[in-house]
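What Swiss-Prot annotates here:
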DOMAIN    4-54  domain 'Kazal-like'
DISULFID  Cys6-Cys36  disulfide bond
DISULFID  Cys14-Cys33  disulfide bond
DISULFID  Cys22-Cys54  disulfide bond
CARBOHYD  Asn43  N-linked glycosylation site
Amino acid sequence: VATVDCSDYPKPACTLEYMPLCGSDNQTYSNKCSFCNAVVDSNGTLTLSHFGKC
């Protein structure tokens, strides 16, 4: 199972680097920061499906 450490999040702003991750909601997040912010917003219900686009 792929995991991402989101312990340093949320962050107020994310960089624009493009390293896509696919969330358990079947949405592609552009990078770890945007994914981790969404994980925090979901109260931990969002998980990583896999690295790369959904």
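The backbone N, Cα and C atoms fix where each Cβ goes, and this holds for glycine too.
Distribution of Swiss-Prot features across the structure.
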residue : record                      : DSSP class
Cys6    : disulfide bond              : coil
Cys14   : disulfide bond              : coil
Cys22   : disulfide bond              : strand
Cys33   : disulfide bond              : helix
Asn43   : N-linked glycosylation site : coil
Cys54   : disulfide bond              : coil
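Between the CA atoms of Asn43 (N-linked glycosylation site) and Cys36 (disulfide bond) there is a gap of 11 Å. Between the CA atoms of Cys6 (disulfide bond) and Cys54 (disulfide bond) there is a gap of 20 Å. With Cys14 (disulfide bond) as the anchor, the candidate disulfide-bonded residues are Cys22, Cys36, Cys54, and the one with the nearest CA is Cys36. In this view, the densest Cβ surroundings among the disulfide-bonded residues Cys14, Cys22, Cys36, Cys54 belong to Cys36, judged by other Cβ atoms lying within 10 Å. In this structure the C-alpha atoms belonging to Cys22 (disulfide bond) and Cys33 (disulfide bond) are separated by 13 Å. Counting only same-chain residues at least 6 apart in sequence, those with a Cβ under 8 Å from the Cβ of Cys33 (disulfide bond) are Tyr9, Lys11, Cys14, Thr15. With a 10 A radius on its CB, the residue listed as 'N-linked glycosylation site' counts 7 other CB atoms from all the protein chains.
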